[in-house]
């Protein structure tokens, strides 16, 4: 109310340069322009993509920037022409928007809305400017969301209005990781009942992939990870077996082919490593196996396999945000969670105050957390 149309001064975690810890700074957040929404972020989680960009490996990474793309909050104000949300609405910012009228949105085969893709990749709002400043300097936006700030501004096509009873410190995770892994199984792979699946990488996305395989009726779900401590959690989400590549002296794809009478029906690479991407494809069954790439590999890395792997009937696919058309799907995923059909709370291993954000990056790198939720 008192802030509408005014610049808001608030706390944010600023990444001034690659490879350095984030700094908690006071920043200025300009009011939303036409077709923009200013959101008070209530909770945000830290995802591997944030740390990937912070590390400097991201070809689209720009600095200084406000990172963060797994958040939830309350609309503070809207710019002119905004009809999808109003002040007071509970929302999840979306790093893949849904404008509803580009040729991607009109095609049922994809969720990759292109309406604001170019400016989003440049770290700017659709009008090619930023809403963030700090110490007189422009700060870039990140993935169209920038949730590591008490207030953020997003395009009106990059916001999903959700059930107002939903706990924001939990459903923020549906803004990326859980939706991504779960959708990779149910939308992209379209896992069938009775199938055998292998999930490489048992972080948040991999666990969500396991949950998706189970929901789709898979009977064998094999978790693959170098960290044996991850298996207990994987079992809770539905994994039936666990294998550790360190325990074998032959390639893990050969181990999987041996364990599954010729290979798995579906495999999921939830790490972002081109070598495991190859292993995941080659672990698939001849004639019908499908491997889905979910993890994002560092810029410039390339995948390799022998073409014969594909000639003999394997399929290699990729997915972004689990194939969900965001504006229409995220509210439904929140409803599924509210109806206890989707695990979300179980992904939260740590909760910290926002000013301890660097600690949450450390927990993630040490493999100690699945998701750490920060609250303001």
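Glycine too: its Cβ is placed from the backbone N, Cα and C atoms.
Fair warning: this is a prediction, and the values are worked out from it, not measured in the lab.
According to DSSP, residue 47 (Zn(2+) 1 binding site) sits in a coil region rather than a helix or strand. The 10 Å shell around the Cβ of residue 47 (Zn(2+) 1 binding site) contains 26 further Cβ atoms across the protein chains shown. The Zn(2+) 1 binding site annotation in Swiss-Prot covers 47, 69, 176.
Around residue 102 (Zn(2+) 2 binding site), the C-beta neighbours below 8 angstroms that are at least 6 residues distant in the chain are 113, 114, 115. Taken from Swiss-Prot, the feature Zn(2+) 2 binding site applies to 99, 102, 105, 113.
Annotation source Swiss-Prot lists N-acetylalanine at 1.
According to its DSSP assignment, residue 117 (site 'Important for FDH activity and activation by fatty acids') is helical. Residues annotated as site 'Important for FDH activity and activation by fatty acids' in Swiss-Prot, with similarity to another entry given as evidence: 117.
When each of the binding-site residues 99, 105, 113, 176 is scored by how many other Cβ atoms sit within 10 Å of its Cβ, 99 comes out lowest.
Neighbour list (residue 69 (Zn(2+) 1 binding site), Cβ cut-off 8 Å, at least 6 residues apart, same chain): 47, 49, 50, 93, 95, 142, 143, 144, 145, 146, 147, 175, 176. Of the recorded residues, residue 105 (Zn(2+) 2 binding site) and residue 117 (site 'Important for FDH activity and activation by fatty acids') place their C-alpha atoms 13 Å from one another. Of the chain residues outside the Zn(2+) 2 site list 99, 102, 105, 113, 97, 98, 100, 101, 103, 104, 106, 114, 115, 157 have their Cβ within 8 Å of the site's Cβ mean position.
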